[in-house]
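What TrEMBL says about this protein:
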DOMAIN    J:84-156  domain 'Cyanate lyase C-terminal'
ACT_SITE  J:Arg97  active site
ACT_SITE  J:Glu100  active site
ACT_SITE  J:Ser123  active site
Number of protein chains: 10
Amino acid sequence: MKDQYAMTDTMTKEDVTAMILSAKKQAGMTWESIAEKIGMSPVWTHSAAMGMNAFPPEKAKLMVSVMGLPQGAEALLAESPTKIWTQAVPTDPCIYRFYEIVGVYGPTLKALIQEKFGDGIMSAIDFDMSVTRVEHPKGDRVKVEMSGKYLGYNSW
Amino acid sequence: MKDQYAMTDTMTKEDVTAMILSAKKQAGMTWESIAEKIGMSPVWTHSAAMGMNAFPPEKAKLMVSVMGLPQGAEALLAESPTKIWTQAVPTDPCIYRFYEIVGVYGPTLKALIQEKFGDGIMSAIDFDMSVTRVEHPKGDRVKVEMSGKYLGYNSW
Amino acid sequence: MKDQYAMTDTMTKEDVTAMILSAKKQAGMTWESIAEKIGMSPVWTHSAAMGMNAFPPEKAKLMVSVMGLPQGAEALLAESPTKIWTQAVPTDPCIYRFYEIVGVYGPTLKALIQEKFGDGIMSAIDFDMSVTRVEHPKGDRVKVEMSGKYLGYNSW
Amino acid sequence: MKDQYAMTDTMTKEDVTAMILSAKKQAGMTWESIAEKIGMSPVWTHSAAMGMNAFPPEKAKLMVSVMGLPQGAEALLAESPTKIWTQAVPTDPCIYRFYEIVGVYGPTLKALIQEKFGDGIMSAIDFDMSVTRVEHPKGDRVKVEMSGKYLGYNSW
Amino acid sequence: MKDQYAMTDTMTKEDVTAMILSAKKQAGMTWESIAEKIGMSPVWTHSAAMGMNAFPPEKAKLMVSVMGLPQGAEALLAESPTKIWTQAVPTDPCIYRFYEIVGVYGPTLKALIQEKFGDGIMSAIDFDMSVTRVEHPKGDRVKVEMSGKYLGYNSW
Amino acid sequence: MKDQYAMTDTMTKEDVTAMILSAKKQAGMTWESIAEKIGMSPVWTHSAAMGMNAFPPEKAKLMVSVMGLPQGAEALLAESPTKIWTQAVPTDPCIYRFYEIVGVYGPTLKALIQEKFGDGIMSAIDFDMSVTRVEHPKGDRVKVEMSGKYLGYNSW
Amino acid sequence: MKDQYAMTDTMTKEDVTAMILSAKKQAGMTWESIAEKIGMSPVWTHSAAMGMNAFPPEKAKLMVSVMGLPQGAEALLAESPTKIWTQAVPTDPCIYRFYEIVGVYGPTLKALIQEKFGDGIMSAIDFDMSVTRVEHPKGDRVKVEMSGKYLGYNSW
Amino acid sequence: MKDQYAMTDTMTKEDVTAMILSAKKQAGMTWESIAEKIGMSPVWTHSAAMGMNAFPPEKAKLMVSVMGLPQGAEALLAESPTKIWTQAVPTDPCIYRFYEIVGVYGPTLKALIQEKFGDGIMSAIDFDMSVTRVEHPKGDRVKVEMSGKYLGYNSW
Amino acid sequence: MKDQYAMTDTMTKEDVTAMILSAKKQAGMTWESIAEKIGMSPVWTHSAAMGMNAFPPEKAKLMVSVMGLPQGAEALLAESPTKIWTQAVPTDPCIYRFYEIVGVYGPTLKALIQEKFGDGIMSAIDFDMSVTRVEHPKGDRVKVEMSGKYLGYNSW
Amino acid sequence: MKDQYAMTDTMTKEDVTAMILSAKKQAGMTWESIAEKIGMSPVWTHSAAMGMNAFPPEKAKLMVSVMGLPQGAEALLAESPTKIWTQAVPTDPCIYRFYEIVGVYGPTLKALIQEKFGDGIMSAIDFDMSVTRVEHPKGDRVKVEMSGKYLGYNSW
């Protein structure tokens, strides 16, 4: 079909992600510095650049100029993504460790949220996260901070 | 077999967990207060009480006295558990949200850990975590802080 | 262990559900009438009676008196449940049809929520639902109405 | 083989979906407005445009003219689709929440359908659905209404 | 709990199925003859006796008298079952062959239903089935006949 | 490799299926009429055209002439296929309903086959099937008839 | 229920299997010798004793007398079993190796059966098998011989 | 990348398998005859040609000349394959029947191997197999013979 | 059934494992010391005590006397076990790390075994293993040594 | 997109792996010799060459010169990989045997690590491994040695 029907905007979110990764490598930038340039956090910036979150319009415009992306990229950056991950149990050791933490400490997180708030959950939508390096004499530590709005179950 | 061969110490880790939950309910205690009484954090205390972590000997002794547990419980609290969780994708909404966060932000956590530390992971063993309630005008927020030792991949 | 250590409150949420079902059958009540007696909706009442939602304290008290439950049931009704369902794809035809609707129309629900609200989701926590019978000349119809708070993705 | 045997109509339902999405973006249309132009509901229009439902012949003709599609698209829009979805548990948070609702409230939907109708199900075939935005002081709400014909089990 | 709270009607659908199987064996009856006695087909009778379909009230009464079941069984036979089967791919060779037929001929059944009726399905709810033995010189054959109401997809 | 080593017969069974579907659409034929032209049943004809059954040599020759297929297609139509289906639980609603019937009535089919024949199965290999439309005042019905040779278990 | 309704024949196929294993151990018999006493092969005898095949009536009678089983066992041995195995991929190394052989050589078995017979399969129902020990200087070998009736695909 | 860096030997094991199948079809050879020409058994020859076993060097050379393969094929035929099969439960009916035999008779094979040899397994590596056609008045039979070295479990 | 038919030797391998664990705890023994007393390695001793390997007769006798087990235990210790593990992906962090090593380094182990030996595998049956503690200034290390007989693929 | 936006560095880690394999084959090198040339172990060298570990910068430079790789390969060799393996249960027999060892001996490894170190695990990150050939009169043996840092669980 592709040859019979001319399509002018066939760029996809995946294409834009590839362009960002390529531009970042050529310019020797870090996620930290890109995030700073567009005035967002590094966690959110990486996630949105990977196509797992949508850029607010003005941030999409900024991202296009910071990374030197082509015209059509702006609208794609601002589009809502469909979030798909393909392995129920992730295999990469760095990601698996977080899955393991949810397995081991999931019931604990639930118990303490209920103790402090009542019957409800921490939102994964109205949510933010950061990663920082903490120096430590026995070996530096990774610090991950998550904050999500508490949502109480409705009864009606 | 059970009737033919007398066994004197058939209490299990699961029994001790049930006793702790029962004693906690009768005494109207919170995990926060139990944790304070044994001088540990609430996250760790709940997790160890659920049988997902082992109590150091002196903490096991303290726990037995704080909760009024029978004699045999002390050794069981100190025993290394086998950590089993039974659903690759957890169903409880409160726990699922954390699984979803790992799915959506897993590659981001990996990218930022590598940017800040090099090729490696955050340990889920040399690890601690806390849950706190943060007041917020648009609705209070759940704050989860994790800290794990950075472990760099070996090359040999 | 059960014989060595006396436990006074070993009633569980499952026991209370069984008692409710038994009392309902003996009294010939409907979920509609039980819901009316405790001043809640039938959907929520059934779900909470099945142990998939927690009763607010005053509703727990009411439920105990309406259904003639024993003393200890009140606290159990008010306890936060762990929501577990055991089949990724449900087999019962009545429940499967709803799973099928999510499979077929899931991307449509997502597209229209984004068109009407922006990048976000419908909460399944701050949520309510009803089921009604609608007369129709070609065969009566089941009407299911869901309402959940819109939650927009955070960017930070 | 493709080079040895000339095929004149190799356009597929997927191609037509791609053309619709492209035309919609270029014209800045919404699903709401497309639906109105062809005299169908937005839910059904999106679902059929995605290739999950077949257009009745006259609606297929209308759709081709509204979206400026090529000649061969009309027959493809009217073709019965094979409905395939690829994840038993959907990962996109917006779609997952509906899966979660089926998990948590599935037995409740079943119990109330039986209470109101008898032993049977709500059809997912003779079925319609709508999504609307409801204003609310504490945050607007997504309202989803489903209506399906009741089908009673046969006994023979 | 069982000892603290007297329950008078703890018979379950599973218990009634066990009683039917036991009575059938002791009386040396066949499903064919039981079905004839209650004026239903053998397929439906076996399926309902197994707890996979609900008996209409008068058939439940008849079944209780034909099989010599206790009083409480009548209401249980008339109760709507939750239909659960536990293996995505059945292992018993006799049942597997039918699963294999659906795998091999499923797309064919779909194509011919669409050719003869339009875009829709055969109902598995408004449905009946029979099994008969057909004599054949090269070995007798099993004949299975299914009949289900055609349901056309709605467009709205 | 494809460029270094000339292969003359790279047509596959999938290619022939695509050609048949394309020729059928252009000629406006039905499976019923194609089946009649080659003197086979519609169920078998569709299944073999889809590559799930092998054409006997003379039927392959006939099919090539009826559908106007290229020379190499004849041998491919006669080749034994490897039957692969990719979802343990089919998602298309029309096919799923048959899977559901196997789930709900599988044990019944087994029980009645044993009652009528002894310990054995219905063959899915020495097997045939038909689909017919049966008029009915409350809505026409799909009739599916299967016939398979009874195979008794060997004991040795 | 069990206490309210007296059941006289609650022995199951599993009970009979347990009795056979117990009697075999006490008498120090081998499967080889049991098979010889009832005039069947060891493979079939073990399989039927495990409840995976049904004993013909006269063999059931013989088995009861050879193993000293109680009265009710005879009918149970002759009953058609439902064959269930619980792991898609078996874990026991001795059984896994056969699964591996099917994985590695399955397409080869299919190709050679087709080359020698045409389009069809080897029956697993009209089937027999033996296991023998073959002496060999580099280590004795296990010889497994299977024989099943060839079943050609029907075309109709 | 492919265009920037010239690779001279990009033929793969899959390519060689395709060439063998193509040459076999053009020459009208059978696996039986190919096997005879290279002095190996048909089972092993097919399996190695499919890329599931490695050819010993002299057999690789012979195969290249018998099938008229290009130069580079010899080394590829001699390379150790990675054996991958993609469905835990095979769907093709001819292969499934062997899977079913492992499910039904797996514990029997294990029991008899232990009775005849002790605690151990039949090797699937030091292993050979044949398929033969056995004439039979009631329909010819497929005979499959497997022979594998017995390996006893080590204790240390 | 259990009450109707007296069984004298109902002790199982699981019972013996439980007795060993209980005796070990009461006597304060280590696996190291038990292994030494019966003249076997700690890895094998633990594995056999867990019921995953069979004790040679004289070791079974020794084990019974070292651990003070009842009479019937000796035969059970010597019985061949069926090795079942229940999770495709183990969850316990200590065991998961070994699963991860197989995932990450599996292809490497295969490549080096082929480089050093030819086309074949390391036996998991004619196999032994040890675990030792190695002191190290930056933290002691776990050393695991496996040794298995090389088995070359047969060609025939 | 690829044609509209010029990308200069589109080489990937997979491309570099393919180049290494190709160069190794053409030069007739072994992993042993490549490892020696870059001063690393064969296990680590193969694993890093396969893209499952990152080369330290100076080793990446060495690898490029030893294997004659193009300029861009150096940076790619030094990049952190995402470690993905695609089968929960590996099928290749050589790799499966190691999976089986983890299944059978996993609990043993855990028990002995705890006996020798306390409650913790062997790291799979601060980890090294070797494979050696050990001569043996009854057939040479594969020796695999793993060493990983012990990590004790934190309590806090």
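One-based numbering along the chain as shown.
Note: Cβ is positioned from N, Cα and C throughout, glycine not excepted.
Those TrEMBL annotations? Automatic predictions, nothing curated.
Contacting chain E by the Cβ rule (under 8 Å between Cβ atoms), the active-site residues J:Arg97, J:Glu100, J:Ser123 reduce to an empty set. Mapped onto three states, the DSSP output places J:Ser123 (active site) in strand.
Counting every protein chain shown, the Cβ of J:Ser123 (active site) has 22 other Cβ atoms within 10 Å. Model confidence over the domain 'Cyanate lyase C-terminal' (J:84-156) stands at 93, taken as the mean pLDDT rounded to a whole number.
All protein chains shown were included, and the count of other CB atoms within 10 Å of the CB of J:Arg97 (active site) stands at 27. There are 23 other Cβ atoms within 10 Å of the Cβ belonging to J:Glu100 (active site). The distance from the Cα of J:Arg97 (active site) to the Cα of J:Ser123 (active site) comes to 21 Å. Among the active-site residues J:Arg97, J:Glu100, J:Ser123, the ones whose Cβ sits under 8 Å from a Cβ of chain G are, in sequence order, J:Glu100. Separation of the C-alpha atoms of J:Ser123 (active site) and J:Glu100 (active site): 20 Å, rounded to the nearest whole number.
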